[in-house]
Structures are given as structure tokens and as C-alpha cells.
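Listed in TrEMBL for this protein:
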TRANSMEM  20-42  transmembrane segment
DOMAIN    33-286  domain 'G-protein coupled receptors family 1 profile'
TRANSMEM  54-74  transmembrane segment
TRANSMEM  94-116  transmembrane segment
TRANSMEM  136-154  transmembrane segment
TRANSMEM  188-217  transmembrane segment
TRANSMEM  238-257  transmembrane segment
TRANSMEM  269-288  transmembrane segment
Amino acid sequence: VKELILVGLSEVPSLQLPLFLFFLLIYLLTLIWNLLIIVLIVTDSHLHVPMYFFLGNLAGLDLCSSSVTVPLTVPRMLFDLHTQTRQITITDCLTQVFFFFFCTTSEVSLLTVMSYDRYAAICQPLHYIQTMSWKVCVQLVSIVWCLGLIHSSIEVCYTFQLNFCKSDIIESFFCDLPQLFQISCSDIFINILLVFIFGIFLGVGCLIPTFLSYVYIFNTVLTIKVKGSRSKVFSTCTPHLTVVFILFGSAFFNYFQLNESHRYSSNKVVSVFYTVILPLLNPLIYSLRNQDIRKAFRDVIEKFIPNTA
């Protein structure tokens, strides 16, 4: 098999146009919100602190992750309305897998770094400037991107060695490892082992430090007696925890079901959530409850639409 066929979200012809419009709208909103977050962080001097430096990198990864999957899906949906063909070469498919894993692994690692930043700011405020200097922040982000590059490279290199002859149909709207494994006629033991090893590594290396950081954070918050301080701390911590649980939950659901009875319909729903919906939700989750982001947004609006009253 040299070319693969993406089934998409639905094979019902009447649903193709609504799905196309839905994906297009979500992608445009994702672009607008994440670009807005990046612009606000770059232009507003009050946001030139480690917390928003990491948030800007998260917005960039969301842009990259969404752009890896949705721009390929949206034109294809429109193209399929007329040609009814959904072919993609194996090389293009594995290229998409590479960039998607790069973005996802980097985002998981970055969320762990962000939890450590919150721990240092709340539990060790007197040493925060030294602990999270700009040099340290750049080094941490560099490690995050390197981890994403290493993970994606290893996964794609081993997947590239597989032969596909069982079928040329991928039961998804984009290329992902579980679907590729299921149509391979090669021995996929090493590939599945790599998925579980990296899954355990990311779970233990990222989820546990995040959990421990917030245990210390909540213990410290409970000792705060100043009025309004608790709510301010929770306004910066709750969005981050929400994103962590959503991302880890959907990823574990998708990649730890590598068997023949893999549920395609539920997998498609989860895939849409963490590839399409989550990159849109991230900037909304962080901006709606964050006073600094809201203030920076109001300042930008006032510059372009001054109050004449």
C-alpha cells in the first residue's frame, strides 16, 4: 500500500458540508484567539514575566497542533464534496504524525513546567526571581521542544519501517498511530512498546510533578489570610489544572486502547476534542479567568476604540 484513504468523521454525504463549516469556524477562532494571546504577551510589558512567557509558548504549540490537523482536514472536506476521494500518501501521513507528536509531547512537558512555575511563585515567592530567571525559563522551554523532537522522531522512524497491506483505510480524519498500527501487516510489538514506554514516561515524569506541585500550592493557599489573595491564586491555577486533566485524559483514552476492538466512533470524538477543540479552549480558559490577560485585552481595545464619552 502506497496511499491511504482517510475515512473522515462521517461517510454520510449530507454531513460533509456542515462538518466542513464547523471545522473551518473552529480553526479560524483558534487562530484568532491564540494569535491574540501571543500578541498581548509580546506587546504588553506587564505580561513580560515567566508565567506569560510559558503561556505564549503554549499558544504557539496550540497553533501548531491545530494547523497540523485542521488545515489538512478542511480543504480535504471541501475537495471530497466534489471528487469523493480521500487519499493521502504514506509519506504525507507520517509527516503529519511527526508534527502532531512533536506538538503534543511539547505541550504536555510545557504544562509541567508551568505547574513548577506556579509552585515557585506561590510557595517560594522570596526566591522566585532567582529560581525562574529568564535564562532558566529559556532553558526549560528549550528542553520542552527537544523532548517533543526526540519523541516524535523515534515514533516516526519506527513507524516508517512498517509495511501496510491489511487495508488502505484509516478510520479517522487525520493520521495517527493507533489507526496506522491496525492496518499494518508487520510486527508492531516494538511500536506498541514505544507508545507505552513514552506514555508511562510522560505520565510519571509530567503528571506526578504537576500533582505534587499543586499539593504544595493548595497547602500554601490554605494558610493565606489576606482577603482576595486566595481567589487570585485560584484564578491562575484552576485554568492550568483544567487543561492538564483534559489533555492527559483524552490522550490516555486514545493511545492506551491499542487492540483490535478499538472503538472507532468514540476514538473519533476524543480525537476531535484534543486536536480541534482543546487548542481553541486553551486561550479561552486562560483568558476568561485571568485578570492580567483581560486587562491587557481591554487596553488594546481602548487603543483602537477610544472612549469618546
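Cβ atoms here come from the backbone N, Cα and C positions, even for glycine.
Averaged across the domain 'G-protein coupled receptors family 1 profile' (33-286), the predicted model reaches a pLDDT of 82. Within the same chain, residues 51, 54-55, 57-58, 61-62, 64-65, 68-69, 72, 140-141, 143-145, 147-149, 151-153, 155-156, 159-160, 174-177, 180, 198, 202, 205-207, 209-210, 213-214, 240, 243-244, 247-248, 251, 275 sit at least 6 positions outside the transmembrane segment (94-116) and bring their C-beta atoms closer than 8 Å to a C-beta of that stretch. Distant neighbours of the transmembrane segment (238-257): 104, 107-108, 111, 114-115, 118, 176-178, 195-196, 199, 203, 207, 210, 214, 263, 267, 270-271, 273-274, 278, 281-282, 285-286, 289-290; these residues of the same chain sit at least 6 beyond its ends, with a Cβ under 8 Å from one of its Cβ atoms.
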